[in-house]
């Protein structure tokens with residue numbers, strides 16, 4: 001049985017793709033063994049991310065560390081997948097000639113054939129094309145290893161924000177046909193999955209073709225998935241404010257399985273910066289979406305992405321971001337220092353803000369967000385939360401770990417038969433990034 005080591009960088013879409021790589025290899029070889037140490041593997045894969053500069057360089061650092069393994073075992077297969085693969089292509093082979101296969105997100109289904117071609121010809125294989133339809137047509141059924149599962153419903157992005165490489169590495173938006181999505185979710189539900197997380201770089205831009213040739217939009221998809229037997233909770237990520245329609249907002253009113261947590265990236269609270277980013281909305285328009293959502297879901301927890309130090313960002317513009325964060329009360333958000341990505345329009349903009357100032361802004365924004373996270377956690381003490389038990393706690397092997405609808409981790413004392421089940425927990429303690437709870441007796 002082939003032993004496979006895979007390391008995943010970046011977003012949840014990459015996590016989904018890594019699972020699919022393991023699935024196509026398992027189908028090809030009649031099963032595989034996933035190992036946690038590279039030196040135990042027959043196949044080593046790095047599924048890469050190019051959104052941040054450090055993530056990109058980390059890949060080449062990791063490649064350097066596995067090079068001695070290749071020198072000792074020439075039959076070892078080393079592969080680079082994901083967005084760095086799409087962006088760099090043949091350059092990866094030039095920089096690391098011991099790499100055997102390089103493939104993008106849209107060609108992961110071709111991985112087994114690429115390995116065979118490498119072993120037959122002795123030549124490194126590179127395929128970073130964009131055959132979107134092919135990928136979804138050739139993927140095997142999902143492997144189920146828990147009570148929650150990701151389902152990719154669309155790929156790529158057509159928004160072309162000035163700082164972002166996704167349209168260049170994942171291609172234009174492409175939506176899976178509705179029936180394909182529903183079939184995958186129904187199969188997962190039959191295998192015991194209770195929570196579905198719908199994935200896409202711009203998930204709410206979903207426009208899937210139906211059997212009659214009509215188009216199903218994202219709000220309609222949510223309503224259909226809501227009725228699939230066995231599915232008890234629904235999430236989605238990542239959405240774009242430009243596509244956040246009133247019909248999606250109404251789903252939060254009508255669909256109780258849709259969790260009270262939303263990740264909706266805004267990036268900045270400054271209209272000038274948003275315009276320079278080519279985001280396509282103003283801070284006021286974003287706030288209008290949130291007002292509508294909280295009018296029908298007052299308990300909605302909202303997380304977001306922020307970039308500080310975007311070229312030309314002034315102190316006043318950063319203060320506008322701070323004010324927006326306080327006004328909206330964001331929770332559990334992700335803050336990044338701007339990192340210029342090659343080939344994007346923003347990479348050519350003048351940037352005279354010192355790095356030390358960018359770090360200060362990062363820390364200041366994180367401080368405000370973490371304070372709000374702590375406040376929300378405190379308000380949950382004494383409440384009863386419906387939770388999905390994910391497995392053994394990462395902090396204490398004698399405890400179990402569960403997740404609330406608003407995306408909080410809860411550690412509690414339980415029994416192994418509770419894993420992958422939905423249970424009620426009373427929250428007893430609150431920490432910065434987790435909660436402690438106890439089982440509510442029936």
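One is the number of the first residue shown, and numbering goes on along the chain from there.
Positions of Cβ are set from backbone N, Cα and C atoms, glycine also.
Annotated features, as they stand in Swiss-Prot:
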DOMAIN    2-120  domain 'MTTase N-terminal'
BINDING   11, 49, 83  [4Fe-4S] cluster 1 binding site
DOMAIN    143-375  domain 'Radical SAM core'
BINDING   157, 161, 164  [4Fe-4S] cluster 2 binding site
DOMAIN    378-441  domain 'TRAM'
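Annotated features taken from Swiss-Prot, shown on the structure.
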residue : record                          : Cβ within 10 Å
11      : [4Fe-4S] cluster 1 binding site : 18
49      : [4Fe-4S] cluster 1 binding site : 21
83      : [4Fe-4S] cluster 1 binding site : 28
157     : [4Fe-4S] cluster 2 binding site : 23
161     : [4Fe-4S] cluster 2 binding site : 22
164     : [4Fe-4S] cluster 2 binding site : 21
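Per-residue pLDDT, averaged along the domain 'TRAM' (378-441), amounts to 95 for this model.
Residue 161 ([4Fe-4S] cluster 2 binding site) sits 17 Å from residue 11 ([4Fe-4S] cluster 1 binding site), taking the C-alpha atoms as the reference points. Separating the Cα atoms of residue 11 ([4Fe-4S] cluster 1 binding site) and residue 164 ([4Fe-4S] cluster 2 binding site) is a whole-number distance of 14 Å. If you measure from the Cα atom of residue 164 ([4Fe-4S] cluster 2 binding site) to that of residue 83 ([4Fe-4S] cluster 1 binding site), you get 12 Å. Taking only the Cα positions, the spacing between residue 157 ([4Fe-4S] cluster 2 binding site) and residue 83 ([4Fe-4S] cluster 1 binding site) is 13 angstrom.
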